[in-house]
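Residues or ranges marked as region 'Disordered' by Swiss-Prot: 1-26. If you look up Swiss-Prot, you'll see 1-13 marked as compositional bias 'Basic and acidic residues'. Sequence annotations record features per position, and here Swiss-Prot assigns active site, proton acceptor to His12 based on similarity to another entry. The compositional bias 'Low complexity' annotation in Swiss-Prot covers 15-24. What Swiss-Prot lists as disulfide bond is Cys26-Cys84, Cys40-Cys95, Cys58-Cys110, Cys65-Cys72.
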Amino acid sequence: KESSAMKFERQHMDSSGSPSSNSNYCNEMMRRRNMTQDRCKPVNTFVHEPLADVRAVCFQKNVACKNGQTNCYQSNSLMHITDCRVTGSSKYPDCSYGMSQLERSIVVACEGSPYVPVHFDASVGPST
């Protein structure tokens, strides 16, 4: 069975680089990473940074998770991420996604030994 840590990597890690001008990035990646198998996952974030940098967030700023749990951590630095959101016209099994490329601080939930990210909680824009 897929561990929570492996699932996090499958759903959220794409260290190979950013999608640049490929408007099909979300459609391809959501399919390739098995997030459109039994439904169209409505929103998903891919992080374009080395896995070691994302794992390191577990030892950075401790914050509350959206669900009230206390094992979330916010990255000290901005990270290149891509938000994929299902479009209104999307109909399973033809899942279609819009894409936004952002530079934001990420919030992940961590657990286990080794202590690693198991859930992507949020991304935070530069505070104005």
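Our numbering is plain: 1 for the first residue shown, then up by one each step along the chain.
Quick reminder: no glycine exception, Cβ is built from N, Cα and C everywhere.
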CB contacts for Cys72 (disulfide bond) [other CB atoms within 10 A, all chains]: 23
Residues satisfying Cβ distance under 8 Å from His12 (active site, proton acceptor), sequence separation of at least 6: Asn44, Thr45, Phe46, Val47, Val54, Pro117, Phe120
Distance check against Cys72 (disulfide bond) for the disulfide-bonded residues Cys40, Cys95, Cys110, keeping those with Cα within 10 Å: Cys110
Assigned element (helix, strand, coil) containing Cys110 (disulfide bond), judged by DSSP: strand
Between Cys65 (disulfide bond) and Cys95 (disulfide bond): CA-CA distance (Å): 28
Fewest-neighbour residue among disulfide-bonded residues, criterion Cβ within 10 Å, set Cys26, Cys65, Cys84: Cys65
Packing count at Cys40 (disulfide bond) (other Cβ atoms within 10 Å of its Cβ): 18
Local Cβ density at Cys58 (disulfide bond) - other Cβ atoms counted within 10 Å: 21
Alpha-carbon spacing, Cys40 (disulfide bond) to Cys84 (disulfide bond), which is rounded to whole Å: 11
Nearest of the disulfide-bonded residues (Cys26, Cys58, Cys84, Cys110) to Cys65 (disulfide bond), judged by Cα-Cα distance: Cys110
Between Cys110 (disulfide bond) and Cys26 (disulfide bond): CA-CA distance (Å): 25
